[in-house]
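Visitor: Mind having a look at this structure? Questions to follow.
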């Protein structure tokens, strides 16, 4: 390797593992290193992480990527960070030690605080300012919980001795050895404390939750130099940290969804659908979240987001729970050999229903079984349930935004399933564009970092770098498509009726 060649490093800090990926100028992955870290479950429904273990895992993968590639720290032009969103850390400003475990986005331990806010009638005020629904999912209730449960924390926070941050903030603080306390628009927008219209921390919400402003990081754009790594923490390199975005927003950017009306879906454990709505903020009237997609070059692009709780994990359930398949990839072949007429519906509401239903009491159900139903039919119906849920969200997005969606850009593990992608195109009646490079989250962070230091000249230059790998076009006729979808809506309705209290 010539020492002249320069690269961008993306740090992708996820819910179960941390990764460091090195990209070249063509947006190709040169090296990557991954390390899992422990999940902590103090009680049912609670999920926590040790923030120091997260930091250790990040240091370890940075080293791993250097070792695998023989690239030196000095060859890294810039670092981009992308992270699991909403997960909350509160630490001591002097010692740098967290005062409690990080409370993870999925954790329900703060649900009573969220319920109280709803009962007190704050739903509309919080929705109008933050674009979010009141839920334990977002950081606000998590900060309040830590301040309530750690002795003396409230008083220390008021004195300015404690700092709060989502994972992006924590990593920048550690990489710069405590010199920089910042977050970006996309992460701030998920705290339920940030006014996304006025682009500032919201005094009314902070007062309501009694969260001292002194704890909060400064909010910056998604593409600018926030600070440099301390050589001690980056194996001798002083490298600008110059791009940052929450994981789903980074994927939106990595999918090059720069124009209003462009939509991406990441098929992970759950499924996250984000639509760029441009520079106008559009409050959802139908239970989608309004959030910030990204802010770059002085302009903020807003977005609508719908989350589906169960997508890829429905395939894992077929494998681990029902043992119908040995590997996830086997689901495609089995579904392909099903001869049924798609009359079986699986509603995988294992943890309730996400957008646009938000029904936490619903549980999974199956409809349309006959004596002739086979394992193949069941596997196919489970795959189709992912596509039906995506249509629920896409239809809602079209209503909220008034924009006709022409194409869905896809990435994530289950996007490799051709049968699912074809059925997705059919049930939506639009084209599905699968990215050539499915590492869109890390790539998005790398793009944001590289743009800000001139490694890439412009967003136009990026458009050449992640072309569509494969296009799936709708082939199903309209009447069949609508008949199938009507059956799905009936199945969901019946599932909700079954979950109602007697």
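Glycine is treated like the rest: Cβ placed from N, Cα and C.
Pasting the relevant annotations from Swiss-Prot:
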BINDING   15, 16, 17, 269, 312, 316, 413  ATP binding site
BINDING   15, 85, 86, 137, 247  sn-glycerol 3-phosphate binding site
BINDING   85, 86, 137, 247, 248  glycerol binding site
MOD_RES   233  phosphohistidine
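Just tell me what is around each of these and how deep it sits.
Guide: Classification of residue 16 (ATP binding site) by DSSP places it in coil, neither helical nor stranded. Sequence-distant neighbours of residue 16 (ATP binding site) (same chain, six or more apart, CB under 8 Å from its CB) are 36, 37, 39, listed in sequence order.
Cβ environment of residue 86 (sn-glycerol 3-phosphate binding site): 105, 137, 138, 139, 142, 166, 190, 191 lie under 8 Å away, each six or more residues apart in the same chain. Taken residue by residue with DSSP, residue 86 (sn-glycerol 3-phosphate binding site) is part of neither helix nor strand, so it is coil.
Classification of residue 233 (phosphohistidine) by DSSP places it within a helix.
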Visitor: Within 8 Å of the Cβ centre of 85, 86, 137, 247, 248, which other residues of the chain have their Cβ, at the recorded glycerol site?
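Guide: Leaving out the recorded residues gives 84, 87, 105, 190, 246, 272.
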Visitor: What is the Cβ neighbour count of residue 316 (ATP binding site) at a 10 Å cut-off, with all protein chains included?
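Guide: I get 13 for this one.
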Visitor: Where residue 17 (ATP binding site) and residue 247 (sn-glycerol 3-phosphate binding site) are concerned, what is their Cα separation in Å, rounded?
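Guide: Distance between the two Cα atoms comes out at 13 Å.
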Visitor: Looking only at Cβ atoms, how many others are within 10 Å of the one on residue 248 (glycerol binding site)?
Guide: 26
Visitor: Since the record lists 85, 233 as recorded positions, which of them has the fewest other Cβ atoms within 10 Å of its Cβ?
Guide: 233
Visitor: Between 15, 17, 269, which of the binding-site residues has the fewest other CB atoms within 10 angstroms in the structure shown?
Guide: 17
Visitor: Nearest of the recorded positions to residue 247 (sn-glycerol 3-phosphate binding site) by CA-CA distance, picking from 15, 233, 312, 316?
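Guide: Checked the recorded positions 15, 233, 312, 316; minimum Cα distance to residue 247 (sn-glycerol 3-phosphate binding site) goes to 15.
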